[in-house]
Structures are given as C-alpha cells and as structure tokens.
Amino acid sequence: MRMDEKESCSQSSNGTGTMKAANKVVEGCSVMVQMTTQNVIREAEIISIKPLSDGTCSYYVHYIGYNRRLDEWVPQQNLDMSSLKMPQKGHKRGFSWQSSQPTQESTSTTGSPEREILKKSQVGRKRKVPQPSSEVAVIAEDGENSQSAPTPRTPSQYGSMSKVGHSEDSLTRIRNIEMIELGRHRIQPWYFSPYPQQLTVLPCIYICEFCLKCVSSQTCLKRHMSKCLLKHPPGNEIYRSHPLSFFEIDGRKNKAYAQNLCLLAKLFLDHKTLYYDTDPFLFYVLAERDERGFHIVGYFSKEKESADEYNVACILVLPPYQKMGYGRLLIEFSYELSKIERKTGSPEKPLSDLGLLSYRSFWSQTIIEKLISFKEESLQLGEEKQISVNDLSEITSIRKEDVISTLQHLNLYKYYRGQHVIVITDELKDAYRRMLSKCRTRIDPSKLRWTPKDWSKKSAK
C-alpha cells in the first residue's frame, strides 16, 4: 500500500525499530552520523529534513565542533538512530548547539610558522632572568605591558572574520549552491549565499571571472563572454609585480561588480553579512595575470570611513589559491596602505578563531622581523638603543593593542632588573629565518601607486 509523504519519511529498510526512530527525527536533534566524504562517524545536529522518492529521507547535518563548511546532506542509513538525542528544552530549531570551545579545524596550527615561533619562545619559559646569549630590547613606555584594549562595545556586522553577524535562520544555514564554475576552476561552495532562487536548483552555476556576473549554463556564459568588455577587475590598478596585481574598486562607482563580489565571497565566508550595501566600502582585488587577462585570486574590503580605524572588513582567498601565501599577501598589502595613510590599522573585531590565527601569524612575523632588524642596527652603531611598543606600532602600522597581544602570545615579555624587556633568543631568530624562507611572495612597497582620499570631505559635500 502506498504511504503518503509524511509516512514515507519514517520508512527504513532496517525494520520497524529504525522506522520508528527515524519518525522521531526532527530539526535540532543530535545523532551520530557517518560522513559521506570520510569513513568517520561524528556527532551531528539535524538542520533540515528532505523526503525522498524511495520512502526514506535525506538529512542536512552540521558536525558539532567542526567548521560549517563540512555540513552536508546524508542519506538516512548514515544515521545511528540508537544515538538519537532530542533537542534540549528551550532549544531553537535550526540553531546550532555551539560548543564554547573553538572548533577543531579552525584552531589547528600544526606545522604553521607562527606555531614554530611560539614553541621556540616557550622553551625555558620558567626562567625569569634572560640568558647571556639572549638579545634584550628595553620597553621604554609607561603601561605598555598591560592587557590589550577592549573590543568596541558595538561589534561591526560587516566583517568576514568576525564572530558576530552569524545567521540563526535554519534556511540560510543550508548550502544552496552545489557547484560553481569560475574560469578554469570548478569549486564546491561551503556556505549559503543569496543568489536568485532559480539558480539554486541547478547542478552548477557559471560565473564570469572578470565581471563576476552569474549565469545558468555554459551556453549563456559563452554568449556573455563574447559581449563582456572586462579583462580585469574594474577600478584602478594600484600595484603590479608580475604576475600579480591589485585593483582598487569603489563600492559606489562599481556597484554591480562589488555586489557580485560579495555574493561570490559569501559562498566561502560563514560570517559575512554584507551583500548589497556596498557604497561605504572599498574593495582591493588581488588578480593573477596571463595572456587571457587578470584572474581573481582573492580580495579584502575596508570602510571608506572607519570610526575604529579598521583597515580590513572582509578578506578572502578563493579555494583554488589557498595555502599558497596569498592570505598573508592580502594582509601585508592592507598594512602597506595604512603606512601610506600614516595610520595604525587592525581588522574588524572581534576576530573569529581562524581570523585570529591568520593575523597573529602575520603580526608575529612582522614584529619579530622589526625587532631583529632593530637589534642588528644597534649593534652596528655600537649603541644600546631602546624601542617601545609605540615605536613598533608606528613602524609596522599594527595597532598598539595588537602589538602587545602578539608579544604576550609569543611570551617575549620579560621582567628584568626592574623593567620590562623583550627577549629575542637565538632559537627564536633561527625559527624566524626558517619561516621567512617559506614566504613565497612579499609586497614590494616601491611598486605601490596609491594616494589616500579624505572621504570625510567627500561625504560632507
């Protein structure tokens, strides 16, 4: 006898017991699930349930304690119904049971240069007196050994790395685009992005790699490419070091491109909330050049006027270009702009765990580089010079509290003979040199052609 759709969801080939258990599954339940991409069983939360034509159901699950990019649809047989746990009292359906601990994926720093520096700096950390082979730089300012400054009372809702701005709507927690084709690359998205509804039912959507317009088929893409006049991001090319270039795009003047960029970025940024209000932002697109044109690698955005002097709002390296040093390049470029502006900058706060790892790695490399350079210069001059946290902040354009938190994180602060000093050991210098050898590309400031604008005067007109 044919069952209706509701009854079909409760059917299972494993017998009556499993059928009854499946019938109890609702959004918000937790259950042990075998991942489809790995032979691993993990606890997961049920986000959504979809009836199938064979009488079973498919479940969209979030693996608790893991990054949401691993969320996926799984068949009913992948669920261990004996481990089913109903939602806790007062639990909102479609809202993740978030652990208070950082996710395993986002906090892993195994093999990172910054982790190596941290390990070296913690060797012998119980010793209070620096060893003779250590190099000491004296901190000369008042109160600079204090804790980092607090984050703003009202966190921004626009940052890609921020912990805030996370959607609690179960619909937007489900990845709605199966695949995108961007230039030579086919990429599976990680997160929801508000593309037009008619595109979400397609097995793949096609994106022009120059204007970022989205179409429904290869035929439509070929037709579009024959008419598209762009061979590079719109706006001004402000940096070129073959084969890489940076383009500055005004979110008001190039609104269509900026909105397309935000939609594309949302596929890979969990916390990004900016889609259409691009007027207050500048976008800096990193592109790789070949004989066909300039192909987008990644980007960062910043507010034209930031009350908190943030120099980055959102930042992204597209998946095909990740783990190639481009993330560090984007961060480094943002600070080169801050140097020209003669300001200190910082990414929007509070940072997510993954965002903090990326920035702390850059801050560590940059600060240690300046400390070693300063010490070597002092030795050459035969003088015992002092350097302060304010000096480090001014030289690097890294905000003072970020300098302090990085020094504390690396355990470089020591109390020696009645004053705070920064201790740079030979081990730390060796770790830094190994780390530096792994940096594939650095920004050459001499190739940057950019003049900052006073946006406060423009907005007043």
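Placed from the backbone N, Cα and C atoms, the Cβ positions cover glycine too.
Unlike curated entries, TrEMBL annotations are predicted automatically.
Here is what TrEMBL records for this protein:
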type: REGION; residues: 86-167; note: region 'Disordered'
type: COMPBIAS; residues: 96-112; note: compositional bias 'Low complexity'
type: COMPBIAS; residues: 145-160; note: compositional bias 'Polar residues'
type: DOMAIN; residues: 172-452; note: domain 'MYST-type HAT'
type: ACT_SITE; residues: Glu348; note: active site, proton donor/acceptor
Note = Around the Cβ of the residue listed as 'active site, proton donor/acceptor', other Cβ atoms within 10 Å, all chains included, total 28
Remark   = The predicted model's mean pLDDT over the domain 'MYST-type HAT' (172-452) is 91
Remark   = DSSP says Glu348 (active site, proton donor/acceptor), in three-state terms, is coil
